[in-house]
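Novice: There's a structure below that I have some questions on.
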């Protein structure tokens with residue numbers, strides 16, 4: 001970690017806004033303790049409070065399934081080298097019903113980019129499944145569409161009409177906005193984590 005972590009409880013004589021930020025974050029994490037990410041954000045209580053509100057909505061108030069949400073987040077972690085983000089979210093991906101082969105595909109593929117013939121274009125992926133035929137680790141077309149959209153937003157920023165059309169065909173306006181906000185938001189998370197080395201995963205620190 002490039003900065004010391006903030007204390008786990010509000011320092012003596014804290015301002016009301018600081019106390020409120022601690023209360024908000026603690027309530028959101030309960031019954032778990034505050035994470036290293038929280039203890040970094042709490043150096044700026046207004047940022048911590050706003051961050052918690054935004055990501056609380058992303059995590060608990062959208063219409064997206066847990067599997068779609070966590071596919072976005074875990075793929076972003078892979079693309080941006082955010083180990084702490086991966087360690088926090090891959091258990092949630094598995095809890096959402098995504099199998100181990102799919103988890104491995106999310107980790108190993110260089111891209112989920114192209115579309116062709118009504119499904120993901122194999123030119124955009126690396127490797128094939130058993131028997132020489134790629135089954136994408138068991139991920140369905142909806143999930144692969146979201147992964148292609150996540151790749152486009154994360155790596156190139158601009159999303160092609162082809163990739164957008166595949167997402168739009170499967171989700172309504174609210175769903176598209178929520179997927180886009182999730183991908184944009186967790187790119188912010190990964191960049192914050194990597195820049196400040198939050199969690200020190202690479203140094204063998206146990207992730208909370």
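Indices start at 1 and increase along the chain as displayed.
Cβ atoms are placed via backbone N, Cα and C, with glycine included.
Automated prediction, rather than curation, is the source of TrEMBL annotations.
Sharing the features that TrEMBL gives for it:
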- 1-20: region 'Disordered' (REGION)
- 45-112: domain 'Carboxymuconolactone decarboxylase-like' (DOMAIN)
Novice: Mind tallying the domain 'Carboxymuconolactone decarboxylase-like' (45-112) by DSSP state, helix then strand then coil?
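Specialist: Helix, strand, coil within the domain 'Carboxymuconolactone decarboxylase-like' (45-112): 53 helix, 0 strand, 15 coil.
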Novice: Restricting attention to the domain 'Carboxymuconolactone decarboxylase-like' (45-112), give the mean pLDDT.
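Specialist: Across the domain 'Carboxymuconolactone decarboxylase-like' (45-112), the average pLDDT comes out at 94.
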